[in-house]
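Data first, discussion second: the structure below is written as structure tokens.
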Amino acid sequence: MLFYYIKLAVISLRRTPLLSFLMIATISVGIAATMITYTVSYMMNKDPIPSKSERLFTVHLSSWSPEQMFRMRDGKEDIPMFVTYQDAMNLYRQKVAANQTIISSHKAMARSSTQPISEAISTYIRPTTYEFFDMFEAPFLYGNPWSSLEDEQGTQVVVLSKQRNERLFGGRNSIGKEVLIGGLLYRVVGVLDDWPLIPRFYLEGPEMFTEARDMFIPLQTQVNNNWLSTKDTSIYCWGDYDLNELSSVLNSECVWLYFWIELNSAEQRSDYLNFVNNYAMEQREFGRFPREQMNRIFNVDEFIKYSKVVSSDSKIAVWLAVAFLIACLLNCMSLMMTKFHGKGSEVGLRRAIGASQQDIACQFTCEAVLVGFAGGVLGLVLANMGLSVTAHVYSHLNAQLMTMNIELVMITILVSVATSILFGGYPIYRACQIQPSSQLKSL
């Protein structure tokens, strides 16, 4: 019987092509608007590294000045999200966690050794330690990370993102080739593949949603080369320091480095926090950490929420799109009412020859499902077109933010069909109430 009802629904849609098209188009426009905003919101809020998000933590230390707090946040005293160089190195060398890494930031002009100066590009350099790539599951297209020995010595080696490798070497295997960064030669040891890490939580603020166009070098290499740019690095200082000299910053109370750890299990969190608090107490004996101790560690999800990189506006936009979808569905419901009312004679005749109200309801429900499915498919096309335009306009953002995965595609179709049935319920109910006698008199 199901195939019979589907056949009747198809015939019905073909008999009124304009009305059918209007219903499908109305649903598709509402679905497209909703899924465009929902896709961006979903991708911004999704877990970037589900296999480890509960075991990766960033460490925040209460090492600020005794004279004033670092800042107020939500009506409370807040501490820096960065740590000093000496604290980062102290925690790193103790190797208490299963893995740990330090992340810095720099900006420099870069080009391959065979390119002219005119083709040099300004790019972000991410000085870090070799554990970074394993901790954050960075996929390699060519080569590998640098070694622990190269890490300690500060060898001039570099790992390129896929986008930077395409810009400098046309996407070819560049292992062993040389890159000029800030006028110094670096040997390429690795090239990253496409990295589906959204948001890139190891960065700061809006940078989390940008394309991965970075170059990675050992942190010790940055120290060896005396690289520090206050314009391109978030750095906050108190006490004695000279921002013109990296050596001065290294021995100061300036906070400018991210410190991330990986634990074997989320249950070890309290143990590591106790270790951090004990470390702070030891430093206090040397005259450091003068303020009340508010040390803390955030896992990935907590840190993203703490950073407030996803504004409430995105949620408002989703709800506005849902409201627009409801308006579209109400219009579609009105069109269904018109169509089903026009089929009163057919319904009356079918009832007269033995069709039950349930049979009529099944027939019209199949028609609503077909309208919803067609609207969902057309909505998918419109949504992807809209996302492509959005990705082109906001080209500085990661294109993955504007890309629908298979899960979102399935959600789109299901939402379209479900809402079509829901809002078609009343017209179907009204059609089922038609009395055969009243319709047969008019024949």
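Using N, Cα and C of the backbone, Cβ positions are placed for all residues, glycine too.
The domain 'MacB-like periplasmic core' feature in TrEMBL is assigned to 20-225. Under the heading domain 'ABC3 transporter permease C-terminal', TrEMBL lists 320-436. Annotation comment: TrEMBL describes 20-43, 316-337, 373-394, 406-429 as transmembrane segment.
Looking at 20-43, 373-394, 406-429, the range that has the most CB pairs within less than 8 A of the transmembrane segment (316-337) turns out to be 20-43.
Tertiary neighbourhood of the transmembrane segment (373-394): same-chain residues 23-33, 35-36, 39-40, 332, 401-404, 409, 412-417, 420, selected by CB-CB distance under 8 Å and a gap of 6+ residues from either end.
Mean predicted confidence for the domain 'ABC3 transporter permease C-terminal' (320-436): the pLDDT average there is 80.
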